[in-house]
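Below you'll find the structure, written out as structure tokens, and then a few comments.
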Amino acid sequence: MAAGAVVGAWMLVLSLGGTVTGDQNITARIGKPLVLNCKGAPKKPPQQLEWKLNTGRTEAWKVLSPQGDPWDSVARVLPNGSLLLPAVGIQDEGTFRCRATSRSGKETKSNYRVRVYQIPGKPEIVDPASELMAGVPNKVGTCVSEGGYPAGTLNWLLDGKTLIPDGKGVSVKEETKRHPKTGLFTLHSELMVTPARGGALHPTFSCSFTPGLPRRRALHTAPIQLRVWSEHRGGEGPNVDAVPLKEVQLVVEPEGGAVAPGGTVTLTCEAPAQPPPQIHWIKDGRPLPLPPGPMLLLPEVGPEDQGTYSCVATHPSHGPQESRAVSVTIIETGEEGTTAGSVEGPGLETLALTLGILGGLGTVALLIGVIVWHRRRQRKGQERKVPENQEEEEEERAELNQPEEPEAAESSTGGP
């Protein structure tokens, strides 16, 4: 009963701003105000009292009194004789003593041992494993706690029970860092385990932070549940409930993978195994940037969706296994319905138009070639005719000149 009353009084004192009386060990939160009462001091001046401090801020005992000056912003004596620390820091840890003399001459001493604390943020497990392999060391993850004072400790739990490192099946690598300015601590704890063959298949791990001061509750991380697989070496088989991966089959709906524009195609990868394998999708030989899943839905199929699809199933105890490939194609729709062999439709019209344009261009090119060839022949013919005409003119001139000479001779010899 007495112990309960003491604890209740302690909590009441701290809730009222940290005011305490008597010889006590007290804790104060960093950054909060703390008031220490000087027992036996008169409530009003004149007062005969003296405070002596030995903390991280002092090299020896420092003396404060009501008549003296306050110690900067660190501490000062209140009118009622109490000592006020406006914002407690790590350097304020230490011993505080007050000696007061009442008006009747009775002397009273008060001694305090002050420790400070800071609650860190909730711890968390970073880089957690996705699965564990039986019989070999595995890293479960790293537990991190930041911003606490004093440092405290980190503990790992398996299925709610504390794990004790034994250097064999369980090992822990710890690291403690202190911030150079704030003095607060950051803790790291890396857990390595070697699951036993035939042990639990779904162990649950968690981590807790235990403060360095008593009467402070622990902080816990969110639990993580991992799957344990057996090690396939030396002919050892899988765990009892494991089913090996067999043939991977890819089913397409509608059958054949042919669909009208805007239709829907559903691809289902069937890979029976226990546990279920991870399934990734491949199109035209390239992996698709999609999350793993056994079903691929292609709504409102367009030209960009056409191609060859396959799925790859990856099982922890096997290598990746790929299914056969299936093709997804678009069939055109005519005015009277869907016909696979129809010559109508925008696709064929575009093809016919393209062929017509190409044919016209070819005809024009042929005509231009014929015209150029014909003109070249005409030029060559004209070049040949020019010399022939010149020779004929010269011959004609020669013929015309020859008959005139004999006639002239005859006329000259035919006189009386």
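Cβ atoms are placed via backbone N, Cα and C, with glycine included.
Between Cys143 and the candidates Cys38, Cys207, Swiss-Prot records the disulphide bond with Cys207. Under the DSSP three-state reduction, Cys38 (disulfide bond) is assigned to coil, being neither helix nor strand. Long-range C-beta contacts of Cys98 (disulfide bond), restricted to its own chain and to partners at least six residues apart, with a cutoff below 8 Å, comprise Leu36, Cys38, Lys39, Ala41, Leu49, Glu50, Trp51, Lys52, Gly81, Leu83, Lys109, Ser110.
For Cys143 (disulfide bond), the same-chain residues lying six or more positions away in sequence with a CB closer than 8 A to its CB are Pro123, Glu124, Ile125, Val126, Leu154, Trp156, Leu187, His188, Ser189, Glu190, Leu191, Cys207, Thr221. Around the Cβ of Cys207 (disulfide bond), the number of neighbouring Cβ atoms within 10 Å comes to 26. For Cys38 (disulfide bond), the count of additional Cβ atoms within 10 Å of its Cβ stands at 26 [all protein chains shown]. Confidence for the topological domain 'Cytoplasmic' (374-416), expressed as mean pLDDT, is 56.
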